[in-house]
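Asks: Okay, handing you the structure first.
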Amino acid sequence: GMVSNWTKIPPPLFHKVVIVLIDALRDDFVFGSKGKQFMPYTTQVVEKGTSYSFVAEAKPPTVTMPRIKALMTGSIPGFIDVVVNLNSPALLDDNLIWQAKTAGKRIIFYGDDTWVKLFPKHFVEYDGTTSFFVSDFTEVDDNVTRHLDRALKREDWDLLILHYLGLDHIGHMTGPNSPLVGPKLREMDNILKKIHISLLSKEETSLPNLLVVCGDHGMSETGSHGGSSEGEVHTPLLFISSAFEKRSVFFPPLFFLQQTDLASTLAVGLGLPISRNSVGTLILPVIRGKTMREQLRFVHLNGFQLSRLLQENTPAYEKDPGYEHFKIAEKSHGNWIKLYLEGNNSEILLNLGKKVLKQYLEALKTLSSSLSKQVAQYDMYSMMVGTVIIMEVLLLLLLSVPKALSKRAEFEVPLSPPLFSLLFYLMCLMLCAVHVIVCTSAESLCYFCSMSWLTAVGVMMLISALMCGVLSASAKIFENSRRPLKNSVVSSSSWSEIDMLILAGTIGHVLSLGASSFIEEEHQTWYFLINTLCLVLCQELCRSNFLVKECDPQHIANVKQNFDSIEETAECKNIDIPAADSSKLGKATSSSEFIKGSEKWISLATPWIILICCRLLRSLNQTGVQWAHRPDFGHWLTSSEHKPELSFLAAVSLLMIFFLVRRRCSLVSKIAMALGLLGVYSYRAAVGNVVFPWQHGGKDISKGITEARFVYVFVLGIVFTGTKDLLKSQVISADSSTKSTGLWEVYSGLVLLAALLFRPHNLPVLVFCLLIQTMMTKYIWRPLKFDAAQITIMHYWFGQAFFYFQGNSNGIATVDVSAGFVGLESYVEIPAIFLTAFATYAGPFLWAIHLLCYLSSEVSR
């Protein structure tokens, strides 16, 4: 016509659109063997029906809220959204839901309440379900499906969104190979069949309906998500509509696309503007049924939106290859329109149209890639202010460490000199001036600049005070070093191999964190360090038992005295060795010498036993990034056909935990511990992880709430008994043995809690933790009389190693969310966070508590 209509939005391609989002739906659940077995209708539609199927790639972090944002806005969320995921605020970015509501589309939503939080007042009808209560597999989906029949019969909606959570919850609790996955996939298949048949029966208007099936993220081999493994980032994306051509031959979906492409494709399908910040590109097969002119118009709209976004974010946008390609394609498009308006309908016009379409698609791909790389825009000024404060505090602590570790144990922070020095006020003025310059010239919004001036001045004063404090402490140390020593004779303290290893290992580990690959595989660093530590301890034991005998008779007497004193203290305090009867004390000297001799050989064997334990634990759980996918003993145990073996291992582990902990507990705590551990096994049997010997055939799987709460009662009882003893030792009588017993009872209560929260295949981790602690206390730390600093760092090293022995890594995908819902009927935020955190960091935490128990028992030193 005479007037250009290119700024007007094209009419919609579909009448009604249904989006079915199945949480944690991996691509192999639809396109693999599980899909063929459990989703026959979906497989048939994918292979021979009117559909297009793709593998959509989700960018990490692969957790629900950032993925919903990516699907609806077309933008790439940041890692801060992992934290925000716990309590999602309203989404303020331009998005598909807002555009649909503005255009007068009526939207109905049923499912995960994250959508209701992100899009408040956008839905004409909704019913949200809690996403965090992961032990609910059925009700969470039934609450969505119960509305389905009524919604499909109605005509008063344009967009229906269903978000099913059951599959994700099964993954968290039992993993992707669980026998519960198959029935859940079959349930989803029946729901998709019902929706598809209903949509086909209602196609009376000129426009067809569309069914979109997708997953927000996948799941790892352990059933978690959040990381970037193949199972977590690859999800299926299906477009099912009568508008598409029926295929005679099925090609597997080798075509990979980005999850962000869905937002722009659905916007065009519903006749809406593409979201302002979308970096996605149009999925061409969806619009392939339209005329060439319409196809070119759609891709031009997408290209125009991406090029405008590039202009807003890049000063030198004209030099961007994507922008250049787009301008070339736009010119070719103009030439094609001229030919088209001249009424040229030849083969030349069709071929030229295909060429222009190809140019546009290349431009879209390049523009999308350029924009995706620019997404990570960091608030550098705020980050630098935070880094400066952290570095100053670190320097102040390092300068104060020598005094803190001296015999007087002083920790001096020089506060008065900074506040009365000219340097402090000059620095404050200078920093305030820098703050004014940065905040008035910064184009992008800065968090620190958005603070009130009073807060900003307070932060500047803190930075200045810390800097003056660091300079004052440095000057004092320099002055002391120049002062002549009062004593002419200086006691030379030679460094042992242990000291050298501890220093080199700790510094080496800190330096290794400068490389991302060392962070991904940090477990390798800790495994190496504790193995090396065991070898050095072995050398120390050999030296104290054999080598010194020839040259230093005094040392032999000291070592013997150490072993004797251990037995005495243990018998007096009931700490490590069970109290001997008076009849046993009166035995012959030869038998006591035999015991001492055997203890010497057990002491020499201890480092090697620890090495064997650590090697076995490494085989239990593969972790990190590079080798996390490799099969391990844990996977073998958790497979359904090895349930008897897992049950036997869990029972033996719980018995060993009781025997390793009971020796230092009171009689009441021993009974509570035994009943508690029995409750742990009963809980795991109730949830279907293990079986009792008399159990035959299938048993109904429950949530095990009664059994778990039974264990919690004993945990609280044991911890309360220990706390009572601790208070008694502090307030009534300053008795070190009562304090030591109290600490140990608190520790044993926490061990029982860890046993409840750990998956059954991880119980050997707890057994080996207790075994290594017992052996090192009795045969290494006490005989060799290590000082407090050495023992503290050894505890820290082992605690870090046990964090990784549990199967954890520095990726959030390995966090076992199911631990937060043991014994809970519904999602309760604070207990769920505490239980999840405790289960994740149980290794370091138990070693830290054991350190307190050990140091409190060494009152004589």
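Cβ coordinates come from backbone N, Cα and C, glycine included.
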Asks: Quick test of your reading of TrEMBL: among 653-672, 673-692, where does it put transmembrane segment?
Replies: 673-692
Asks: Examine the transmembrane segment (450-478) against the transmembrane segment (380-399) and state whether at least 3 Cβ pairs sit under 8 A, considering only residue pairs 6 or more apart.
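Replies: Yes; at least 3 Cβ pairs under 8 Å.
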Asks: Looking only at the domain 'GPI ethanolamine phosphate transferase 2 C-terminal' (598-856), report the model's average pLDDT.
Replies: 89
Asks: Sort out the residues at least 6 away from either end of the transmembrane segment (419-438), same chain, that have Cβ-Cβ distances under 8 Å to it, and list them.
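Replies: Sequence-distant neighbours of the transmembrane segment (419-438): 381, 446, 448-449, 456-457, 460-461, 463-465, 467-468, 471.
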Asks: What else in the chain is close to the transmembrane segment (802-824), if you only count residues 6 or more beyond its ends and a Cβ gap under 8 Å?
Replies: 61-63, 82, 132-135, 172-173, 220, 222, 224-229, 232, 519-520, 522-523, 526-527, 614, 617-618, 620-625, 628, 634, 683, 704-705, 708-709, 711-712, 756-759, 762, 765, 768-769, 831-836, 838-844, 846-847
